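J.: Not my notes, these are from Swiss-Prot:
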type: DISULFID; residues: Cys3-Cys34; note: disulfide bond
type: DISULFID; residues: Cys20-Cys39; note: disulfide bond
type: DISULFID; residues: Cys24-Cys41; note: disulfide bond
Amino acid sequence: VTCDLLSLQIKGIAINDSACAAHCLAMRRKGGSCKQGVCVCRN
């Protein structure tokens, strides 16, 4: 949801990746990024 909902890019910075990373951090993961519209958290 975070990747599709916030698919915005400003000066090369993807806002959706920041939202995805925050989502993953909230789940006690080490961050994450969007891959083909899906938020993928790092372990």
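The backbone N, Cα and C atoms fix where each Cβ goes, glycine too.
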J.: According to DSSP, folded down to helix, strand and coil, what is Cys34 (disulfide bond)?
T.: strand
J.: Enter the number of other CB atoms within 10 angstroms of the CB of Cys41 (disulfide bond).
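T.: 17, counting other Cβ atoms within 10 Å of Cys41 (disulfide bond).
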J.: Within 10 Å of each Cβ, count the other Cβ atoms and name the one among the disulfide-bonded residues Cys3, Cys20, Cys24, Cys34, Cys39 with the highest count.
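T.: Comparing the disulfide-bonded residues Cys3, Cys20, Cys24, Cys34, Cys39, the most crowded Cβ belongs to Cys20.
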J.: Roughly how many Å separate the Cα of Cys20 (disulfide bond) from that of Cys3 (disulfide bond), to the nearest whole number?
T.: 7
J.: Specify the nearest of the disulfide-bonded residues Cys24, Cys39, Cys41 to Cys3 (disulfide bond), where nearness means the distance between Cα atoms.
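T.: It is Cys39, whose Cα lies nearest.
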J.: Rounded to a whole number, how many Å is the Cα of Cys34 (disulfide bond) away from the Cα of Cys41 (disulfide bond)?
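T.: Cα to Cα, Cys34 (disulfide bond) and Cys41 (disulfide bond) are separated by 9 Å.
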J.: Tell me, by DSSP, whether Cys39 (disulfide bond) is helix, strand or coil?
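T.: Its secondary structure by DSSP: strand.
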J.: What is the interatomic distance between the Cα atoms of Cys39 (disulfide bond) and Cys24 (disulfide bond), given in whole Å?
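T.: Just about 8 Å between their Cα atoms.
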